[in-house]
Amino acid sequence: MAKITIKVGSNLLVQQDGQLDKRYIVELCREIGNLMSEGHQVVLVSSGARAAGYGYLNKSNAQEADLYMKQALCAVGQVQLMKLYESAMSFYGIKVAQILLTREDFSHRKRFLNLRNTLIGLTEMGILPIVNENDSVATEEIMFGDNDVLASMFAIGWNADYLLLMTSVDGVIDQNGKVIPFYREDTTNMAIAKNASSRWGSGGITSKIRAARAAAAAGIQTSICNGKKLENIAQFVLTGQTGTVFERVGPIKAKKAWIGFLSKPKGSIFINEGAKIAIENNRSLLPVGVVHIEGDFQAGDVVEIRLDDGTFLGKGIINFSSAEAKKIVGLKSDQLEDVLGYSCSKVLIHIDNLWKRDN
């Protein structure tokens, strides 16, 4: 049994006239039904609400509408989209559930854990969770930006085995028009052809690559592949190969995956070279290695860890508020209680609560 996250974008779900492609949705649900009948657990991350709203109300000029109008039409379209999924999955005796999220649902660990428990309950009951960004309430500060990022974060939070980011081309295409079968971090200078966002979608290939890299770094076998060829889904689960594959790294523990990929940092800790070497050797971050503090945060918040030149090194859960941390910058651990005036932790960020960029 495998845990599979599938993301389909608006460019696959919507026809040129702006109407939902009902035939495609039925065929997609057939592939998902086959996987679930084999005992696999599946989560579908589906775009298309805004396009469905425009189509249902016979509106046009998708990119020209004001934000409030787009959000209103997303609310209308989400209902139509779920009706289609519910109807199509009923042919396989499978019920569906709707999950609408914003970035904040992942940034707060308690909410994230509640979300994960809900997801576990749904999949254990044989229900297909259908996930989308809550476009009707999302603002710029709490938006994912596109569903590629949402799918990646969801797969990481669920500890999925596979993530398929399905698009309208065969994978990541180089400038010669050929598919790159395997994407590796040592080939970051490879020539990748640019592709624009679709009329109805918000993400291009750059977004998909960023999302795929994050999932692979968390131990998830990931592919960017052609969603028009729905047989790619079963092929990837069976062979681990289709489209452009991002080989899994890790896995890492769930808590560190949340810190590294799902949390939203509240500030930044700038450290010296000695502290950098210490955390590279799996040692906790001490105040003596800190040179500068930025941001307003409380004890228990997630902060970025950067070298004093600004180089990003990782993230961690800090044991002090920003006000406290600024008082103990550069101090040795045995000086902390004298400066603060009360008993406190000797470490700024414990290694168990620290995610390194190279994890």
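Glycine is treated like the rest: Cβ placed from N, Cα and C.
Here is what Swiss-Prot says about this protein:
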| type | residues | note |
| --- | --- | --- |
| BINDING | K7, S202, G203, G204, I205, T206, S207, K208 | ATP binding site |
| BINDING | S47, D135, N147 | substrate binding site |
| DOMAIN | 266-343 | domain 'PUA' |
Could you state the whole-number distance in Å separating the C-alpha atoms of N147 (substrate binding site) and K7 (ATP binding site)? 7
Whole-number Å distance separating the Cα atoms of T206 (ATP binding site) and S47 (substrate binding site) is 18
DSSP on T206 (ATP binding site), three-state: which is it? helix
Cβ contacts of K208 (ATP binding site) (under 8 Å, same chain, 6 or more positions away): D148, L165, T167, V172, I224
By DSSP, what is the split of the domain 'PUA' (266-343) into helix, strand and coil residues? 25 helix, 24 strand, 29 coil
Around the Cβ of T206 (ATP binding site), other Cβ atoms within 10 Å, all chains included, total 13
Based on Cα coordinates, which of the following binding-site residues are within 10 Å of S47 (substrate binding site): K7, G204, I205? K7
Using only the Cα atoms of S47, D135, N147, which the record gives as binding substrate, return the largest interatomic distance in Å, rounded to a whole number. 11
Averaging pLDDT over all residues of the domain 'PUA' (266-343) gives 96
Which same-chain residues, if any, lie at least 6 apart from K7 (ATP binding site) yet have Cβ under 8 Å of it: L44, V45, S46, N147, D148, L150, A151, L163, L164, L165, M166
Just name the winner among S47, N147, S207 (the binding-site residues) by count of other CB atoms within 10 A of its CB. S47
Which residues, sitting 6 or more apart from D135 (substrate binding site) on the same chain, put a CB under 8 Å from its CB? A49, R50, K70, Q71, C74, A75, Q78
How many neighbouring Cβ atoms, not counting its own, are there within 10 Å of the Cβ of I205 (ATP binding site)? 22
